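Copied over from TrEMBL, here are the features:
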DOMAIN    A:7-288  domain 'Dihydroorotate dehydrogenase catalytic'
BINDING   A:22, A:46, A:47, A:100, A:128, A:167, A:193, A:219, A:245, A:246, A:267, A:268  FMN binding site
BINDING   A:46, A:70, A:71, A:72, A:73, A:74, A:128, A:194, A:195  substrate binding site
ACT_SITE  A:131  active site, nucleophile
């Protein structure tokens, strides 16, 4: 008898907790040759803005020990092209497709939310108040509780019946304060965490390894930080939390569930090999069987901490 | 052409230094079994992740296909960093995950006089190109290199096509090599020019192709994370000033599609 991997989230049911993180899985179809997209618990697509964005100059990525830095700068095709060319090709009837939203102010966020809320194929809206790689908005929104609350509220008002997820930044003194503000603003789900700001430099050329100088650190290197953030946020708020940061195995998935997460997103590990999310989703029920875990609700948040 | 297949678990058959001093200069051939990769267009690449990478390095490594036959995949690799160092130390039997062939390969115009301009390890895809070209009599190779010639598959290529090597020993040799390139580009202005090698070589070829109105393609070696269009890390600016992905829309581009610059 196989373990039950299903996860209930506000407004949706996922067949398993293995989702993909925004910015690491393209618009979804790029990874279709490597696995059946319907096997995933959810697909969070590349961050979308109202108008197409060019993104940052090259170089945009640098490898670091057990991780990487990126400063892509939210290059994207714009919401209109996404809805016209990308979304219809995704298996949205079988797997929740979550749109990730980026905008420069509350009005723009609200407008974008309104456009996406009208789409049957969009299961939820993930609000990016934590991108470290753009000049306007981004991380600044996620560092101030009042601003985080205000933006969440603006999106929620226009989101109709779509659940609103808010993606939090770890680059704050107190992530719990931001989490509480987002929930007060109407967030249905919190996604923890976006990348950690970081740098890499070349001592010979004396140049930064990213044209943007500063970028976001991701990959297995940040998993302990992500676990800590998810643990703290789960202790403080009742909204479901989705853990992101260095997940690259079924064991990692259970670590995040153990500290209280409802689900996880696979990010940089999709770059390690493009079938990674599919492999983790396939492996998870076997691992649960091995550990005698019948379903995730029973296991969630059962960390034996003093 | 384009994305194909899933990730394949391959086995290393051999890791062989290229020529008598290949090990000293870090030049190796990696041979793997081929359990059913789709046929490649020369210039396409594969992503390679040996089990030995673990979680570090995180990225797989992209390599142009040096030779792909129904039973073998051969890569030509120069050990020059963490990933390639690990790859060149693999032993027969070691497991490697490979996906590809990926991206867009070189144009093939059998009846058109074609010259391959290669720099260093950039010679790799031209093995596949020459070996699969239906009229190799129409092919020439101009090869610039810094390590001893025996460290590269130059002798093998010389048996297939007209080939000329140019060794860069001192800084003074560079302008001479560039003049040699200019002469070649002028000569093949009505034909087809294909280039693969370090970015300065590609920039030079692009500049010369514009000057002589030549049709030329370059294979970019932009840093990649995923290789499949997922990360937008490997982009290059096109002629319209928009960023295009090297992994899916390249790595081979017509020079007039791009606005090549020094960065990246």
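Just so it is clear, glycine is given a Cβ too, placed from its N, Cα and C backbone atoms.
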Rounded to the nearest Å - Cα separation of residue A:195 (substrate binding site) and residue A:128 (FMN binding site): 12
For residue A:267 (FMN binding site), the three-state class that DSSP assigns: coil
Cα distance (Å, whole number) from residue A:47 (FMN binding site) to residue A:71 (substrate binding site): 13
Which of A:22, A:128, A:195, the listed binding-site residues, has fewest other Cβ atoms within 10 Å: A:22
Overall pLDDT for the domain 'Dihydroorotate dehydrogenase catalytic' (A:7-288), taken as the rounded mean: 95
Binding-site residues listed as A:245, A:267, least Cβ neighbours within 10 Å: A:267
Other C-beta atoms that fall within 10 angstroms of the C-beta of residue A:71 (substrate binding site): 28
Inter-residue C-alpha distance, residue A:46 (substrate binding site) and residue A:22 (FMN binding site) (nearest angstrom): 5
DSSP-derived structure type at residue A:128 (FMN binding site), helix or strand or else coil: strand
